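The following features are taken from Swiss-Prot:
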- His179: active site, proton acceptor (ACT_SITE)
- Ala16, Val17, Asp38, Lys43, Tyr69, Gly83, Ala84, Ser105, Ala122, Thr123, Asn124, Ser147: NAD(+) binding site (BINDING)
- Gln86, Arg92, Asn124, Pro125, Val126, Asp127, Asp152, Ser153, Ala154, Arg155, Thr232: substrate binding site (BINDING)
- Tyr223: phosphotyrosine (MOD_RES)
Amino acid sequence: MNKFKGNKVVLIGNGAVGSSYAFSLVNQSIVDELVIIDLDTEKVRGDVMDLKHATPYSPTTVRVKAGEYSDCHDADLVVICAGAAQKPGETRLDLVSKNLKIFKSIVGEVMASKFDGIFLVATNPVDILAYATWKFSGLPKERVIGSGTILDSARFRLLLSEAFDVAPRSVDAQIIGEHGDTELPVWSHANIAGQPLKTLLEQRPEGKAQIEQIFVQTRDAAYDIIQAKGATYYGVAMGLARITEAIFRNEDAVLTVSALLEGEYEEEDVYIGVPAVINRNGIRNVVEIPLNDEEQSKFAHSAKTLKDIMAEAEELK
């Protein structure tokens, strides 16, 4: 009988994002056991072998195996990276509908295993699919997390760090809202060591143009990467690994994830990217940044965009 007990992750979806996330977990020894599920069982078999061969060089031993939905019964975390990609000529609503059907099946299979852990959702549109996972699973909102704007915030901090020649970790700045075109930067609270970044940028000759350029580069980064190499996966995989680390180490770390709002930011019944405290129980609480009027208006527009799409989705009615 296998009596092994440690932090266990089940990864559902072994595409570019999923496999990159799996490598990040093994590379950093964030988990004790990793189970991978995908329809392409032969690719899973190959990746499991490849990852196992990497474990002698990871900080601690990580057990990696191919699995099935029954393996979710004692998992601490189920991470969903599976889903359909948007095809040429396909509308966003078409993609939403297709992925909602996929998620209904996946979440149903996971819950049938008697799973009682935390869901982490990465598939796009992530805010809508995190909401769907919460609805389909019946789990408390604290135990369903979307990757949200964790990658957008990382891109934002990177560009700001380059503008000021400091380490990205020294920049305190967030992108909130939909993980998509309606996201927004919280300039009113962005700072380095307490110094407001927008004020510092505005003091430069080309500062105002640079402010707009930094946000546009942040928002449109995915399009540039997709044009160059077909997809984005390393950045989001590292973001997922960071969320996983915060959960398993019970960090109470503040990360910009997709969380359910129940009055915070003047919004209700929507999963959307906001700062939240992450620990072993999932989302401890949403952190409410005092937004200025312009930011609040943009955030409301972002939330409405998500709600309008969900209102048209038959699978959520």
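Note that Cβ sites are derived from N, Cα and C of the backbone, with glycine treated the same way.
Swiss-Prot feature annotations superimposed on the structure.
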residue	record	CB count, 10 Å
Asp38	NAD(+) binding site	21
Tyr69	NAD(+) binding site	18
Gln86	substrate binding site	15
Ala122	NAD(+) binding site	31
Asn124	NAD(+) binding site	23
Asp152	substrate binding site	28
Ala154	substrate binding site	20
His179	active site, proton acceptor	30
Tyr223	phosphotyrosine	11
Thr232	substrate binding site	19
Rounded distance in angstrom between the Cα atoms of Ala16 (NAD(+) binding site) and Asp152 (substrate binding site): 18
Most crowded position, judged by CB atoms within 10 A, among Ala16, Ala84 as binding-site residues: Ala16
Val126 (substrate binding site): tally of other CB atoms within 10 A of its CB: 27
Pairwise Cα distance maximum in Å, NAD(+)-binding residues per record: Ala16, Val17, Asp38, Lys43, Tyr69, Gly83, Ala84, Ser105, Ala122, Thr123, Asn124, Ser147: 25
Integer Cα-Cα distance in angstrom, Thr232 (substrate binding site) to Ala84 (NAD(+) binding site): 15
Pairwise CA distance, Ala154 (substrate binding site) versus Tyr69 (NAD(+) binding site), rounded so that it is a whole Å: 32
Residue pair Gln86 (substrate binding site), Tyr223 (phosphotyrosine) - Cα distance, angstrom, rounded: 13
Separation of alpha carbons, the residue listed as 'active site, proton acceptor' and Ala122 (NAD(+) binding site) (Å): 11
Cα-to-Cα gap, His179 (active site, proton acceptor) vs Tyr223 (phosphotyrosine), nearest whole Å: 13
Euclidean distance between Cα atoms of the residue listed as 'phosphotyrosine' and Ala84 (NAD(+) binding site), Å: 18
Cα distance (Å, whole number) from Asp38 (NAD(+) binding site) to Val126 (substrate binding site): 19
Alpha-carbon distance [Asp152 (substrate binding site); Asn124 (NAD(+) binding site)] in Å: 14
